[in-house]
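Per TrEMBL, the features are:
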{"type": "TRANSMEM", "residues": "20-39", "note": "transmembrane segment"}
{"type": "TRANSMEM", "residues": "51-71", "note": "transmembrane segment"}
{"type": "TRANSMEM", "residues": "91-111", "note": "transmembrane segment"}
{"type": "TRANSMEM", "residues": "177-196", "note": "transmembrane segment"}
{"type": "TRANSMEM", "residues": "202-225", "note": "transmembrane segment"}
{"type": "TRANSMEM", "residues": "246-271", "note": "transmembrane segment"}
Amino acid sequence: LFDGIYPFYLQQRKAFVFDISTIIVIVVFLMFTCSFLLIIPGIRGRARLYWMFRVLLSLTVGVVIVAVQFTGDWETGWVKANTSYKSFSDALVNVNIGLHVGLAGVNVTLVGNPVNQVNETINYNEQFAWSFNADYDHSYSKGLERGLPSPILYVAEKFTMQSPCGVHRQYRISSHYASATLWVAFCTWLISNMLFSMPVLVYGGYMLLVTGAFMIFSLLSFSTVRNSLMCPIQFGTAILHTGYGGSFWLTLAVGLLCFVGGITVVALHYLNLDVLKTFFDLHEDQTEEYQDMTEVYVNPHFVNKGL
């Protein structure tokens, strides 16, 4: 102890929106995008535009499905308050407090207003994970040992298993099911791309619809946490309210985009197949309905003998 106050140690910070895993996913998909863009100049005519549109649209769906697994802004909230900074201290600071809930855990952000107050730099961003290989309560205990600021510990304590709020289990299970359904959506997205390349267009459209359905299922799974009673997170007269964040709305937008794309492909298959073939740059001999044998080879020896 230093003057009756736990000392503060420097520790590695974790970004609440983008972390290393998200950056790796984006870089991998950018490499795929650049590879396809190098191929595009070799395609002639309007098919070049169609190829570019299909590839970029498909890669956008894939990168969103994978990237939102690692983002921390499925549910977010901010509040500005005057609150105590340390335990056993009467000093008050003016800070912005942020809560960011992701599928893998919770981030609590504390930024001073201004940053330098009470002879310290107030700029914290702490991660408390609840994934299968992480122990949330253990992370919270480590935060207590490090002597994190009181506002961070107060917010993080609301999500512990021992908290009277009882929201830890609901958030953890809902996030796990949302993550699982998103991985299923990623698998169906891969299958839809395989079917489009075979080409079996109508079944690719069906799998695109299934991809959108599983993305919506993940949103429904995560939204069940809103049905539980959330303990008020209050700092004096200021209350921290949360709402759906960018990752939630991005997943919803891409899921609806999959629905629109799947319905369009299926509708064109039954209403105007020629337009669909043109968009996918298919010739008549490449589609499955034209794969029957159309030529017969006859031995001229038998023809000459009249057999």
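For all residues, glycine too, the Cβ spot is worked out from N, Cα and C.
Remote same-chain residues near the transmembrane segment (20-39) are listed as 51-52, 55-56, 59, 62-63, 66-67, 69-71 (criterion: CB distance under 8 Å, separation of at least six residues from the stretch ends). Remote same-chain residues near the transmembrane segment (51-71) are listed as 17-19, 21-22, 25-26, 29, 32-33, 36-37, 40, 43, 102-104, 179, 182-183, 185-186, 189, 193, 196, 211, 215, 246-247, 250-251, 254, 257-258, 261, 279-281 (criterion: CB distance under 8 Å, separation of at least six residues from the stretch ends).
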